[in-house]
Amino acid sequence: MSSLRNAVKRITHKERSQPQSRQHLGILEKKKDYVLRAKDYHRKEDKIKSMRSKASNKNPDEFYFNMHKSQMDVEKGKHKQSQEAKWEERLSLVGADAVKVMKSQDLSYVRMMRQKDLKSVEKMKSNLHFIGHFDDIHHDDDDETDDEKKKKKKSSGHKRKHTIFVKDEKEAETFDIAKHFDTVPEMVGRAFNRPRISTLTQMSNPNQHHDNDNDDNDSSDDDDEKKPKRKKTSNKNKKLSTKQQLRAQQRAIQKIAKSKAQSYAELEAKTARMNTLKRTEDVLMTERNMQSKGRKRMVQGANLEEGTPAVYRWRRKRSR
């Protein structure tokens, strides 16, 4: 009979759908949806009950040593292991000797990079002229005292003067500074590296200067051939209008200013990097000294803004 019952075609089960008047409320909830919702509700209810029971049965004098090594995670609302506890755990796994070797390698690498930057900064300082640029570039020397730094600031803040003597007042009124120094008006305010107009024209027309050098290096037998070439170049210079010369001079001035600004920016960046490496070296050296033996106490805390490490003082120990 059972096999015959299975062979007979059955009516397919149809669940009731949402009525037409309630379709705006969404799909009709089925039993499987209710089961999921009920399980979630009871799970949350049981969690709240367990938390209330724990809070009511908690001992206010309860203490564990692990409380010193944990901190509250605000985002998750749970306790987590502190950084110091993680460091101690890693130290126990790796070993104190291995950590000392790694720290010494880091310290030697930082020292090497700092010495490399120091040499490059000294080389750039020897090539660059700092006249009129002490106000823009700041150097932090650890060996200098506060009085010396104040004196340097006062001397750098003093504006330099260049006095030129003339014959009478009439000449002083009609005095042209650019003509006196044989330079363009844009370069008059510079107290250093004030190029002449001839130098600027040579910088703007390097091919012409190269041709003149080649003509001077030729033999004396070709003097007749050189003369017309020189006449041609002189005629070309005469044909150049004053506007073209001014444009060439301005281009040369912009080129000089751009290269100078790039050099000073590079020097300032390297100096800042060198100071950062110096602070990193101090921190690594302090960590290395902290691993040494002996009783010690903190004299001064670490300055997070300046990046300086904490200062410790070790107890004196008599050596045998």
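Just so it is clear, glycine is given a Cβ too, placed from its N, Cα and C backbone atoms.
Under the heading compositional bias 'Basic residues', TrEMBL lists 150-164 (among others).
Positions annotated as compositional bias 'Acidic residues' by TrEMBL: 213-224.
Summarising the annotation, TrEMBL assigns compositional bias 'Basic residues' to 228-241 (among others).
The helix, strand and coil residue counts that DSSP assigns across the region 'Disordered' (1-24) are 11 helix, 0 strand, 13 coil. Here TrEMBL flags 1-24 (among others) as region 'Disordered'.
Summarising the annotation, TrEMBL assigns region 'Disordered' to 134-165 (among others).
What TrEMBL records for 201-261 (among others) is region 'Disordered'.
Counting same-chain residues at least six beyond the ends of the region 'Disordered' (1-24), those with a Cβ under 8 angstroms from any Cβ of the stretch are 30.
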